[in-house]
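Student: Structure in structure tokens, see below.
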Amino acid sequence: MEATKEHETKKDRDGAGKPLVEWIFCLVVSAALLAVCSRSSPFYPINYWVDANCFFTVGKSMMNGLVTYRDIYEQKGPLLYFLHGLAYLISNDGFLGVYLIETLAFASFLLSMVRIMKLYTARVPYLLPAVLGALIATSNSFVVGDSAEEICLPFISWSLYYMLKLLRETKSSENTGFSLPVVMLNGILAGCVLWIKFNLLGFHLGWIIVLCILTLRKGGLIQALKTGTVFLLGMLAATLPWITYFGIHYALGDLWMAYFHNNIFLYSVPSASVLAGLKNSISNFLVGLYHNPGHTLPVAVGMLWTLFCPRKYLSVSAKAGIYATFALLAAGVYVGGRAYAYYALIFSAYAVLGCLPVLRLIGAAASRIKHSPARATRTLLSVMGLVLCIVFAYRNANDTFQFGTGKSATVQYRFSEIMHQFDDNPTLLNYGFLDGGFYTAANIVPNCKYFCILNIPLQEMWDSQDEYLRSGKVEFVVTRDKVLDTNQFEKYEFVSSDSFYSSSYFLYRLST
């Protein structure tokens, strides 16, 4: 590989050199791409995606003293809600704070791709991660921004970097083990994934299995046990804050039931047999890849190159690590039998592997050029390339319909204005459907545990929502695509109706 000649220093390979410049570039690319691809961007009036609003509502509730799962029910991990709670502190009736968190997460993801590339070549064209970022942010699986998978991308991709780095260093030395501080750091990253969306832990399961097997082979059982223990201690460090939080609020049982039990036993789709379930999972996986060609193609190229490239570029252990983590990640994502568009986004962490053969070609071509372009020329080309990436992102993003539109163009903020005309501190129930953004727009903290209906067969949600209305617990009720049965819930009267995209919404108020 020409790009890894003698003049390439270890400092170059490890991604040192210009870390601040790299970070600033990735931050600029991330902010620009998400400004058009994420509905959390300040250029859009609201992120209307129901999942994003669920996360924001629960995060807001955490910051206002409600205990997740016990006082307000949702099914993702508490760290995800905590991050959205921080976003709420920045902007309490919109997604500006979420956009900033998304920007930091995506920038970190892009930076990890730069560092992975630098493991195999001294020079990385900055335009490559920008192009990958544009392809990923415009993919079908990105939806309109702010999925749990998007937030988990940097945790997965940085662990991929550290795995390849550790395996590369171990191959080139007589070490019988891996750097324990790095192992602990990756345990912490795994712990973060655990408390955001635990079924994505398959990656880190493969990560530690591969490292422990290699350590066992080179250093013996004690060294392997030490590696595994340190990794688990890292996970424990990320877990203790949540055990403490739920413990002091006497809500450990609620945590177990809502986050683990119900997701494992209620959210999963039952199958007629093990074979039928396996076929369904494989089908869902392939369909997810098919509908996301932007990042599936570089992932496929990278995985094939990984398999067939000479060992001097990628060791057998590195190849095993890549395939083991990918396979276990895919198993964790699709084993439950469900398939939503955003599931496939997490596999874009492997898209960087598709750049490695490209970098080899670039390195070979560059070695034949006697005089490289001047820095000013390279900078100009990078800026032009970035502009083209942004234009591509705008033209191919999943939804730019309301780009540059004010908040008054949305039903969420119009209903908010109506509710606040009646009451400075209204209460609200999002009845019969997932969180439509009405709590967000009106800056309302729910006073009902089941503040919306989730995609889980839990009858208690429906029964509780009906009881809230029969008892008149909330002042306002919002329904979607169906009117409220005021004969059954006679305490409520119609106030207004409106439409947003293809849905109709109806607002009701408690009779006085």
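Every residue gets a Cβ built from N, Cα and C, even glycine.
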Student: Would you mind telling me which of 195-214, 375-394 TrEMBL tags as transmembrane segment?
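Tutor: Feature transmembrane segment in TrEMBL: residues 375-394.
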Student: Report, as numbers and ranges, every residue of the chain located at least six residues beyond the transmembrane segment (230-252) whose Cβ falls under 8 Å of a Cβ in that stretch; write 'none' if there are none.
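Tutor: Those are 67-70, 78-79, 180, 183-192, 194-195, 208, 211, in sequence order.
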Student: Between the transmembrane segment (340-363) and the transmembrane segment (313-334), are there at least three Cβ pairs closer than 8 Å, leaving out pairs fewer than 6 positions apart?
Tutor: yes
Student: Which residues, given as numbers and ranges, are at least 6 beyond the ends of the transmembrane segment (126-145) yet have a Cβ under 8 Å from it?
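Tutor: Long-range Cβ neighbours of the transmembrane segment (126-145): 22, 25-26, 29-30, 33-34, 37-41, 47-49, 52, 102, 106, 109-111, 113-114, 117, 288, 291-292, 294-295, 298, 341-345, 348, 351-352, 355, 358-359, 381-382, 385-386, 389-390, 392-393, 396-399.
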Student: Let me spell it out: take the transmembrane segment (96-114), skip the flanking residues so only those 6+ beyond its ends count, and list any with a Cβ under 8 Å from a Cβ in it.
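Tutor: Answer is 15, 22-23, 26-27, 29-31, 33-35, 38, 40-42, 47, 52, 56, 83-84, 86-90, 124, 126, 128-130, 132-133, 137, 145-146, 150-151, 153-154, 157-158, 160-161, 349, 351-352, 355.
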